Structures are given as structure tokens and as C-alpha cells.
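*Asks:* When I checked Swiss-Prot for this same protein, it listed these features:
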BINDING   LYS267, GLY268, ARG269, TYR312, ASN339, HIS340  S-adenosyl-L-methionine binding site
COILED    134-163  coiled coil
COMPBIAS  72-85  compositional bias 'Basic and acidic residues'
COMPBIAS  150-162  compositional bias 'Basic and acidic residues'
COMPBIAS  197-213  compositional bias 'Basic residues'
DOMAIN    257-378  domain 'SET'
MOD_RES   SER100  phosphoserine
MOD_RES   LYS162  N6-acetyllysine
MOD_RES   THR181  phosphothreonine
REGION    68-88  region 'Disordered'
REGION    135-241  region 'Disordered'
Amino acid sequence: MGEGGAAAALVAAAAAAAAAAAAVVAGQRRRRLGRRARCHGPGRAAGGKMSKPCAVEAAAAAVAATAPGPEMVERRGPGRPRTDGENVFTGQSKIYSYMSPNKCSGMRFPLQEENSVTHHEVKCQGKPLAGIYRKREEKRNAGNAVRSAMKSEEQKIKDARKGPLVPFPNQKSEAAEPPKTPPSSCDSTNAAIAKQALKKPIKGKQAPRKKAQGKTQQNRKLTDFYPVRRSSRKSKAELQSEERKRIDELIESGKEEGMKIDLIDGKGRGVIATKQFSRGDFVVEYHGDLIEITDAKKREALYAQDPSTGCYMYYFQYLSKTYCVDATRETNRLGRLINHSKCGNCQTKLHDIDGVPHLILIASRDIAAGEELLYDYGDRSKASIEAHPWLKH
């Protein structure tokens, strides 16, 4: 027989022993009560108690009554359990412990403690599972609250960017207010978590705005607060452009102002300034026929045949090519009459108009009114000096 059969036999033996002991105790109690009634009277029998030795003797008698006889032991052999569920080994100590009136007030089965212990263990195992489920539920509720709070904050930011919507006076709100429900403990915790989430700044939305504000503050200039005042003074390039346009007009129109023809001792005719010229000012154009060098040589040979004809030919180079201005023919232009001097107050300069070179005279220094206008012819050849000795000076 297995362990299950042995346990069942032990339980059955204990139950039978308990019943026999109860019967023996009841019989002894009746006999003792009758004896005391005879010895001490009825009052003592009614309120008397059984002594401890008597109870122990009764239990021992009950166990002895349930113990198998020698014939049964010899037939089964030592340690062999009965077929009717009883067992004779190591069962007496447990029976005594459970039947002792000092240790427990009532009778109970020996397996009750083991059952109760396993029951308590099952309860203890269930407590952590409940706590884990509760924590998971709280985390899920907290995450939902944070997400809802972030969505509401983003919606507020979008509405603020779009601008407030002004309702019409006759328009009624279509959405009705939802019914108010009493707040629960879970809602209160979710509300607290949502408030904490709202206190934290939203990095994805507010960071670019702060950066943009910093950029606009850095880009602030003085002109954002005060109007721009343009200077009335002209730049150097503007002045040069205006002077060039004025010279073009004077050359094309042929105007010659601020000078006159006068007779100079030892020289003949000369040009005198009638106004003051500053350094760099345009004075007059050396006007004549613009010809190339080949034509100039032919004319010069022709002019040499008549000694009364003066020399009014001026050679120069322009764009790597030699040209000549022939002012020999008599005209009313004053530039051809300005005399020579190595230390003159004017100098020649090329001025082109639409790609055509013009020879002009500008003031090399400040010229006062009444002063003769002079410039260096630049001819230092021996033949020229022999023909015109005044070129030395």
C-alpha cells in the first residue's frame, strides 16, 4: 500500500481511537459522578471536575483498547498496515498530543494545520501579483494622461498661432457641455500627473520659437528705431562722372569761357584768363583736324614751303597708334593760340568721346584771373629749336 493508503489508515485509526476514548471517558465520568454523589452528596457531583490523572488513564485505556492483539500482530507482521485503514506505528504520540486537554481545548484532525499553512502560502503568493497588476494599471493611466496633456498643449499652441476666432453674436455653441461626473481616485492621480507634464516645457515646439526670438533680437539695428538719413555729399566717383559729362558738353558745344585774346610783348598773340581756375579744372580744347601720322607728314612738308605759316601741329599716341591734331588753319578757337613755356600752368590730356580722342588743356595749378595761359609743347628736336629758339624757354 502506498503513502496515501497509510495516511488514510492513520486518520481512520485516530478517529476510531478518539471515538473509543470519548466513550470510555463518558463511562468513567458517569461512574465517577455516581461515586461522588454517594460520597459527597449531590452538590459536589454537579459541579465537580475530572482530575488530570484520570483523563490520562482514560486516554491510555482507549489506546490500549484500539491496539491490536498479539494474534493480529503475529498474523500481519510488524509494521504492516491493516486492510481496514488502521495503522499501529508512530500514531500514539500524535493521538496523545491532540487529545491532551492542556494543549488544545477541542479535538481537531492532525492534517488541519498543514492545510491551513498551504492556504496561507497561496494567499501570500497572490499579493505580489495584485501589486504588479495595480502598478501596471497606474503606469498605463499615467502615460495616457501625459499624452492627452501634450495633445491639448499642442492644440493650444496651434490655436494661438492661428489667432482667436470671434463668434457671431447670433451664433450659438453647437457642442453641448458634457455631464460632470464625480472625480475618482484614479482621475485625481491622472490629473496630478497631467499637471506635472504641463509644467515641463515642450521641447519640440518652444525651442524653435526661442531661437527665432533670439535671432530677431540679434538682428535689431539702429535703423529699426531711427530713420535713415542720406548724406547730401557726393562721392568721388559721382563727382568724376558729373565732371566728365560737363566736359563732354563743352567740347561738343564749342564753348570757351573764362579767357580772352591779348597781345604779349615779344610773343605776339596770347590767351589771358578772365576768371580763376582751380587745379584740375578744364580750361579749353586744342581744337583742329584729327589726322593720322601719314597725313600729318604730308601736311607738314606742304607747310614748310611757306615760311610765314606757323607750326600748329600736335602729335600724340592713342591706343598704340600715333595721331595728330592740325590747328594750322585760322579759326576763332582759342586753344591754338596758347603760347609755349617749359613751366606752364596748363597741361595736355586726352579725353575720348564715343571712342574719338580729343586733346584738351587742364589747369596744372591754381590760375588767377589776368594770368597768361601757357603749356609745354614738348618738342626738343634740334631742327625745331634752330627754327624756333623760344622752345628753349
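Glycine too: its Cβ is placed from the backbone N, Cα and C atoms.
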*Asks:* Determine which residues of the same chain, besides LYS267, GLY268, ARG269, TYR312, ASN339, HIS340, have their CB within 8 A of the center of the CB atoms at the recorded S-adenosyl-L-methionine site, and list them by sequence.
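*Replies:* Near the S-adenosyl-L-methionine site, the remaining chain residues are ILE264, GLY270, LEU337, ILE338.
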*Asks:* In sequence order, which residues at least six apart in the same chain have a CB under 8 Å from the CB of ASN339 (S-adenosyl-L-methionine binding site)?
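*Replies:* Sequence-distant Cβ neighbours: ILE264, LYS267, GLY270, VAL271, GLU372, LEU374.
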*Asks:* Please give the greatest C-alpha separation between any two of the S-adenosyl-L-methionine-binding residues LYS267, GLY268, ARG269, TYR312, ASN339, HIS340, in angstrom, as a whole number.
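*Replies:* This binding site's residues have a maximal Cα-Cα distance of 15 Å.
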*Asks:* Reported in the order helix, strand, coil, what are the DSSP residue counts of the compositional bias 'Basic and acidic residues' (150-162)?
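*Replies:* With helix first, then strand, then coil, the compositional bias 'Basic and acidic residues' (150-162) has 13 helix, 0 strand, 0 coil.
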*Asks:* Under DSSP, is LYS267 (S-adenosyl-L-methionine binding site) helix, strand or coil?
*Replies:* coil
*Asks:* Within a 10 Å radius around the Cβ, which one of these binding-site residues has the most neighbouring Cβ atoms: LYS267, ARG269, HIS340?
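*Replies:* Per the Cβ count within 10 Å, the most buried is HIS340.
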*Asks:* Can you break down the domain 'SET' (257-378) into helix, strand and coil residue counts using DSSP?
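*Replies:* Its residues divide into 15 helix, 53 strand, 54 coil.
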*Asks:* Ten-angstrom check, please: count other Cβ atoms within 10 Å of the Cβ of TYR312 (S-adenosyl-L-methionine binding site), all chains counted.
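*Replies:* Around TYR312 (S-adenosyl-L-methionine binding site), other Cβ atoms within 10 Å: 16.
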*Asks:* Please compute the mean pLDDT of the model over the coiled coil (134-163).
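*Replies:* Taking every residue of the coiled coil (134-163) together, the mean pLDDT is 77.
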*Asks:* Among all the protein chains here, how many other CB atoms are within 10 A of the CB of GLY268 (S-adenosyl-L-methionine binding site)?
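*Replies:* The answer is 10 other Cβ atoms.
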